[in-house]
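What follows is a short report on a single structure.
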Amino acid sequence: MTGTPTERPRTGRELVARLAREELRPAWRVLAVAITCMVVVALTTGATAWLLDPAIKSIFLDRDPDMLILIPAAVIVVSMVKAVASYGQAMLMSSLGQRIVSNLQIRMFEAIMRADLAWLNANHSGRVVSSFVNDAIHVRDAASRIIAGLVKEALTVVVLAGVMFYQDWQLACIALFVLVPAVGMVKRLSRRTRKASQRTFEETGTLSTLVSEALTGMRIVRAYGQEAHETEKATASIERRLAHLVKAIRARTASTPFTEALTGIGIAAAIAYAGWKGQSGAMELNEFVSFIAAMMMAYQPVRALAGLQTQLQEGLAAAERLYAIIDLAPTIKDAPDASPLEAVQGQIRFDGVSFSYGGEGPPALAEVTLDIPAGTTAALVGPSGAGKSTVLNLVPRFYDATAGAVRIDGTDVRAATLASLRGAIALVAQEPFLFDDTIRANIAYGRPGASEAEIVQAARDAAAHDFIEGLPQGYDTRVGEAGLKLSGGQRQRIAIARAMLKNAPILLLDEATSALDTESERQVQAALRRLMRGRTTLVIAHRLSTVIDADRIFVLDGGRVAEQGTHAELLALDGLYARLYQTQLSDDTDTAGTPAPEEPRAAARG
Ligand SMILES: Nc1ncnc2c1ncn2[C@@H]1O[C@H](COP(=O)(O)OP(=O)(O)OP(=O)(O)O)[C@@H](O)[C@H]1O
């Protein structure tokens, strides 16, 4: 993913240090108890192996009747302690792991909320979601396994090795020496695992993107009969992901037969050497059994330790991706000396504004100067790609001008706090976005905390109250994903009600181009007129009536203001606007007088 990180750690060591500092340190109490439990597990495992020595010696060889009670009792006590400690460790580490996931996800979400629109546009939502869901889990798994590994497994190995050395140091040396080749092998395998898991992640991102597009674009997929094509694309991605997964699994599990074989060799060597010592009377049976038990018990944690390196690599790769999101440094933010806009009148000025997306290609806007007095309506018209949406984007600082300044009541928008700037603006987009929530919640989004009476009034003003009342659950009706359970006109009126409730002095309006039937169109128009009353409105106009009624019309062409004036002045100029208008008029006559919302744009495209 692309981004502008502030202090993203580069090396594995830096990442580990950061994970320890930011994710583990806050939970050090829980961690300390969990580690104590692990130490107890390691010690009790060692004790079990050691107990076999007195068990055999005093019960079988010395035939001591007291020991027949004492040793089983000791085994039970040790096992009970181990059971409680294992439970404590597993439970604490699991809940600590989940807490780490939640904390990381909260910070990622906050970062996404702050992120520049440019970053969000550059990174497909499917990939961001995949990172959001999967990476935190990878980090959790790696962190909990590594902590458990480093503390419990490593300590268990040390304690068991202690038992082995206590019983016979030469024999212990033989048993442990066998493990040396495993270290080199594990290192080689971990490199392979890291590569495969990085590729798996990339493919998971591609797959998430495919699934999310197939779902959001399902109507187009069906309409064009592309179900098989989409399935093919998804299958190919799933197969590629599977191949990478299998590679990672192969590398990860390749250490198993290796350590298994080494275990066999180690045991065989120990039996041969111990047997030789036993036959010559230098080693007792009880020592031998205790030694072999310790050795066999030690191999399981050794195997777990062998897998740690690969888990560490996977976890670090995930942590790097996730911190890249957490560290996103938005460029659109409050300036250090920003002050809130107060008592906004709503005058909007563009002073020689130039802008280009991503700094490449021809500028989307070039030295645009607009002056929109407070309380008036300005319409933006012009061919497709002329820069109309870009003008709208610069007012609430979705992007910042590359040159020149956008001012509200004379204040550069970059000198105002974002909260006060956006608080003074209501936005009604061409495709109104509704959340999968109730109608009430969707309207109240305009002003959280608004009373029921205010919500209903906003709905009445937006000509939405009647249809809402007609729904079986009224204001409690859920609108479905992106509001798809409502008609286009209904969605627009909810969006207008939301803007009504916000009651901001500035209204940015991108008129809908989707064809509504005459009645719906009339209702939306009436609602819009009420919404625009008394506010400064900057509207991308697709409706003839909006264009004609506007106080001022700016005709954009190729990112520049080609013409400006009132409808009458621009007609008299007989330039681009007059041509756009004539084309629209003749198209309107063709469509039997029904206002054709898309016309100015469509005419311009032609
Ligand atoms: N997110 C973006 N990234 C890169 N370039 C963009 C982006 N959005 C718009 N552009 C480019 O900026 C220019 C102006 O686009 P803009 O959307 O402002 O035009 P418009 O007049 O609103 O067009 P339309 O009427 O078709 O919506 C176009 O050349 C477009 O390709």
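Every residue gets a Cβ built from N, Cα and C, even glycine.
Under the heading transmembrane segment, TrEMBL lists 28-52 (among others).
Summarising the annotation, TrEMBL assigns domain 'ABC transmembrane type-1' to 32-314.
The transmembrane segment annotation in TrEMBL covers 67-85 (among others).
Per TrEMBL, the feature transmembrane segment maps to 146-163 (among others).
Look at TrEMBL and you will find 169-186 (among others) tagged as transmembrane segment.
Feature annotation from TrEMBL assigns transmembrane segment to 257-276 (among others). Outside the transmembrane segment (257-276), and at least 6 residues removed from its termini, the chain residues within Cβ reach (under 8 Å) are 168, 170-171, 174-175, 178-179, 181-182, 185, 283, 288, 291-292, 295-296, 299, 302-303, 306.
Annotated domain 'ABC transporter' per TrEMBL: 348-583, in sequence order.
Under the heading region 'Disordered', TrEMBL lists 587-606.
For the transmembrane segment (146-163), the list of distant contacts is 24, 31, 34-35, 38-39, 41-43, 45-46, 49-50, 89, 93, 172, 176, 290-291, 294-295, 297-298, 301-302, 304-305, 307-308, 311-312, 315: same-chain residues at least six beyond its ends, Cβ to Cβ under 8 Å. Beyond its flanks by at least six residues, the transmembrane segment (67-85) meets 37-38, 40-41, 44-45, 47-48, 51, 54-55, 58-59 of its own chain at Cβ-Cβ distances under 8 Å. Mean per-residue pLDDT, taken over the domain 'ABC transporter' (348-583), amounts to 87. Remote same-chain residues near the transmembrane segment (169-186) are listed as 161, 254-255, 258-259, 262, 265-266, 269-270, 273-274, 277, 291, 295, 302, 306, 309-310 (criterion: CB distance under 8 Å, separation of at least six residues from the stretch ends).
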